[in-house]
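Chemist: Structure below; questions to follow.
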Amino acid sequence: MSEIQRHSYDVVVIGAGGAGLRAAIEARQQGKKTAIISKSLFGKAHTVMAEGGAAAAMGNVNAKDNWQVHFRDTIRGGKFLNNPRMAELHAKESPDRIWELELWGALFDRTKDGTISQRNFGGHEYPRLAHVGDRTGLELIRTLQQRVVQLQQADAAELGDPEAMLKVYAETTITELVKDGGAEGRIAGAFGYVRETGDLVLFETPAVVLATGGIGKSFTVTSNSWEYTGDGHALALRAGAGLVNMEFIQFHPTGMVWPPSVKGILVTESVRGDGGVLRNSDGKRFMFDYVPDVFRTQYAETEEEADGWYEDPANNRRPPELLPRDEVARAINSEVKEGRGSPHGGVFLDIASRMPAVEIMRRLPSMHHQFKELADVDITAEPMEVGPTCHYVMGGVEVDADTGASLVPGLFAAGEVSGGMHGSNRLGGNSLSDLLVFGRRCGLGAAAYIDGLGDDRPVPDADVVARAAEESVAPLERTDGESPYAVHQALQTMMNELVGIIRRGPEVAQAIEDLDKLRPRVERVRATGGRAYNPGWHLAVDLRNMLVVSEAIARCALEREESRGGHTREDFPGMDPEWRKTNLITRLVDGGVALKRQPLDSLRPDLLALFERTELAKYLTEDELPAEDGADAQEDTA
Amino acid sequence: MSETRTFKVWRGDNGDGELVDYKVEVNEGEVVLDILHRLQATEAPDMAVRWNCKAGKCGSCSVEINGQPKLACMCRMSTFEDGEEITVTPLRTFPVIRDLVCDVSYNYEKARQIPSFTPDPDLEPGEMRMQQADVERPQEFRKCIECFLCNNVCHVIRDHEENKEHFSGPRFLMRATELEMHPEDTADRRMIAQDEFGLGYCNITKCCTEVCPENIKITDNALIPLKERVADRRYDPLVWLGSKIGLRKEGADTPIVPNTKPGPANG
Amino acid sequence: MSLDGDAATMTATMPPSGKPGHARAQITAKTYRKDRWWVGPVLTTLGLAVFIVYATGRVFQQDHYFVEAHHYLTPFYSPCLALQCEPASAMFGTLPFEFPWFLPYALVSLPFLLLFRFTCYYYRKAYYRSIWQAPTACAVTEPHSSYTGESRWPMVLQNLHRYAFYIAVLISVVNTADAIIPLFHGTGGGFGIGVGNLVLIANVVLLWAYTASCHSCRHAFGGRLKSFGTKPVQYWMWTRISRLNTRHMQFAWITLASLMLTDLYVALVASGTITDLRIFN
């Protein structure tokens, strides 16, 4: 066993995306010595992929917008399963977080008055998304990165060392959180390795902020990058924290499945809105067969009528391609499963035969350009192969809304890795503001926690460190065992097929069985080569995380017998108000994923009053509804 | 449609290494990064490649393909001739960690030397008012995904290691321009752009612009305008005369951030 | 290696860098480029050489520069300042002495026009690459063992390009006059127009396009501002100049050609080799 490098910090932030950087900035601003740990280079986080914008009720474009309206939109989007306190804080604080970015150098697009311009987005009642063209995520990450540099510059001037108080450990992976030996089980450190050298490293710290993003790499088709292996989710589980509602995963119905160079890249819904149609391998426009009864009256029954809608929506019903996301996804899923899919497991999205090339280029210029450049696919000449694509996980570490604290003392979480904020479905634009609001709150929460500790700093349990060290290098030391790439592929394929966008009870049960069979394979993967920058080894280590997170997802997906937001059960197609009140919490008990149901906090009366009673009736049980005519709002106190 | 291609990939640790030949399957619609991944999954599981978003948005997978600095995720296999051998080498300008992965810390050091955005300290959050026309100029530079291909291709440091100390490369000269063009910035980085960041080394030969995957007009819109601004501050005799006789008010020159240049002086 | 031990302590926004032993990939090949990267520099050198040879020959010829009948004056001789200039060609009068063979008649304009082009941001790129070979082409190792670019004397003088631009504007005004005056020297006196007029006018329009698309011009008329907010006129000018500026390279080459062609046309007519085709009077 080689020597372990040791560093000591007040706060260690795992993840250098939007949430991680914002948390680190706050911790440093609170005077805490902070480390940022990133699996990739500084500034490369997945946050750069966010295009739409950051939702914040600044009211620059429509003065009627305010935090209550934003809150209402968020709760509606999440189908009333959101943690109400998080949604409230988010709606209230987003504008300040955006304005603060401006003082750090962000350059958002402007209105005529010179204020930050805001754009419309699905699910938001008013134009609300602060944006920079279609690269808002990049602007956000760059601004936070440059703020980190600015703070380092201040430390350089004052203390002589830019890294005295805030240091980025790039290309470093944390494999285990280390607690002290005490009964409370407080966080005492974070153990991992430096990717470049393979050196093992221990960060001694009383406070860890998880900001590791999502879990997309457990699925075959995903818009997520390699980093999204659910590290934070798994670290939290192993440290004893709970995950909330892991069954809720946002799948986009039309991500590219082929060619490989664009696999996972999303094809915006506007392609269908502008006339794109879905066809199966027989060339049939199959969506007509999938219009559910409840939508029957609103959607066209013939191709003629559907085609008439684009020009004359008043006298024609909508084409079935424009059914809600989950319906479209369900239809694609069925076609593929019944053997009528495209050669690469999707269906065809055809806009090329629907309108002249010049018209497509006029309406969808960036789409056309992107696929032409990345894949030499000409969407004006040939149909695209699309299928459901894993995009975002709503579930995550169960945290306190105000401080981001998990149930484990000293462990905090913000951003995609935390759960609750988005309920069962996230609105576009809410993720970027979520990062900023709760990133900051985690930084504050961690700082306050440390202040509360005084001199009573937890000490890492030496046995745990030794074990973590052994486990992390084990794949390199095995002389036989499977390639991690093969096992990863098996896991992805299984999850994609059995716990994908549309779920059936028996299939999910099968997935849990399959995961049991995968476990010994994961435990025995072998990485060839040395320790210096060895991607095979890195994947072998990450596999462990993907496995446990996949199990949490599968168990929750089997348990929740309803369909809501990012969880669609074909055998339970409706929303159930009883389930609306229920969070599913997964924890690790004796090495296995254990599940429990836990009631969700109800909405405060003043927040409940933001909704019409008729709307509430669709979601809440009879008992939860406020009295009619608003005679007595007291009944609904939490 | 699948065929077999010869890939020559530079494999090695630190400086030592060589081109290794691989015969590898190539399918329609793939990019070079897909092929490198296939090599990892088959013949060369420990081959080091840095990558992330695989959509041309993060700037991680910078390598040199047939001698041209490129993002591996943006280089389509269909752009090569039938049967053409493909050589993939690490960026030449930076030290190699392993295989195709370079130590790009030079870039992060240079970033830290540039005085940050400096707004009027009295400005409260939400008070900024800027016109779209004003933000568009610096916004072009903020499209930068920090792939560092421009710094890699720039002959000032690519061919002359000794210039690294005095030259920040197109990426960070562009960053200085971006801040100088920010309508709410109050600092003046013109003197240090020349003296510390080495703008004078730039001979505007435009290779940075040619390799930029974001199509930023680095030379025309950032480097040359910065040269002109520096000329205003320090080479234009009329401006100099004006400042001597008090016709022009002389703003204080912002100094380089202390303790950010490597060297013994920093202790 | 700049990343020595001291640097290592300063570089932590990165993987702990500057590790001993880190070095560039030892690649001896000058380049792995397979395209014909040398074609550009070769063509540039040829293009510039053609112009220099032609222009040198013509400037020192001291003949066939003026068409008396229609007052066509070639730009290579404008303004004509030698005592021996044909009287009608010397718009600003002449100096009181005859120029020896080695003094160009357009003594005050030619050096500055040359300077304008020599310090032009585009031509700098062109000759740095093709003649100076720093670098010959992108990602091709350059032949020099050391390099300081424009950071030292005398190359630092390139920073005065704007003065060459100011003078070029004045000379363009003279060229404009040279293009307009012949319109009033028709065959029978008064207004007239011939192919020569069209050539002179086309040339001067292109010269203006080249001059106005100059990077220094773009800076002077708006680029230098930190904010366009309260300066709509400068913003308008800056956007127009910026648009021209994207074609500065094209104008640089087109005007080299148009200057030669214009001069050649005047020379051919002046020498009586061809006759100017008259369109009107």
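From the backbone N, Cα and C atoms, a Cβ is placed for every residue, glycine too.
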Chemist: Please identify which of A:HIS369, A:HIS391 is recorded by TrEMBL as part of the substrate site containing A:HIS252, A:THR268, A:ARG426.
Modeler: A:HIS391
Chemist: Of the recorded positions A:HIS252, A:THR268, A:ARG325, A:HIS391, A:ARG426, which one has its Cα closest to the Cα of A:GLY52 (FAD binding site)?
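Modeler: The answer is A:THR268.
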Chemist: Listed recorded positions are A:ALA19, A:SER40, A:ARG325, A:SER431; which of them have CA atoms within 10 A of the CA of A:HIS252 (substrate binding site)?
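Modeler: Those close enough are A:ARG325.
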Chemist: Measuring CB to CB from A:LYS44 (FAD binding site), give everything in the same chain under 8 Å that is also at least six residues away in sequence.
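Modeler: Listed in sequence order: A:SER38.
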Chemist: What's the most sparsely packed of the recorded positions A:HIS252, A:ARG325, A:HIS391, A:ARG426, counting other C-beta atoms within 10 A?
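Modeler: Output over recorded positions A:HIS252, A:ARG325, A:HIS391, A:ARG426: least Cβ neighbours within 10 Å is A:ARG325.
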Chemist: When each of the binding-site residues A:SER40, A:LYS44, A:VAL48, A:ARG426 is checked against chain B, which show a C-beta distance below 8 angstroms?
Modeler: A:SER40, A:LYS44, A:VAL48
Chemist: So what sits near A:GLY15 (FAD binding site) in its own chain, CB-to-CB under 8 Å and at least six residues off in sequence?
Modeler: A:ILE37, A:SER38, A:ALA45, A:VAL209, A:LEU210, A:ALA211, A:THR212, A:GLY213, A:GLY232, A:GLY415, A:VAL417
Chemist: Given the binding-site residues A:ALA19, A:VAL48, and counting only Cβ atoms in the protein chains shown, which has the most within 10 Å of its Cβ?
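Modeler: Neighbour-count leader: A:ALA19.
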Chemist: Using Cα coordinates, what distance in whole Å links A:SER431 (FAD binding site) and A:THR268 (substrate binding site)?
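Modeler: Each residue's Cα considered, A:SER431 (FAD binding site) and A:THR268 (substrate binding site) end up 18 Å apart.
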Chemist: Distance check, please: Cα of A:HIS391 (substrate binding site) against Cα of A:SER40 (FAD binding site), rounded to an integer number of angstrom.
Modeler: 20
Chemist: For A:ALA19 (FAD binding site) and A:ARG325 (active site, proton acceptor), what Cα-Cα distance in Å is obtained after rounding to a whole number?
Modeler: 28
Chemist: Nearest by CA distance to A:ARG426 (substrate binding site): which of the recorded positions is it, out of A:SER40, A:VAL48, A:ARG325?
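Modeler: That would be A:ARG325, the closest of A:SER40, A:VAL48, A:ARG325 to A:ARG426 (substrate binding site).
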Chemist: When you rank A:SER40, A:VAL48, A:THR268 by Cα distance to A:ARG325 (active site, proton acceptor), which of the binding-site residues ends up on top as the closest?
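Modeler: So, spelling it out, the nearest of the binding-site residues is A:THR268.
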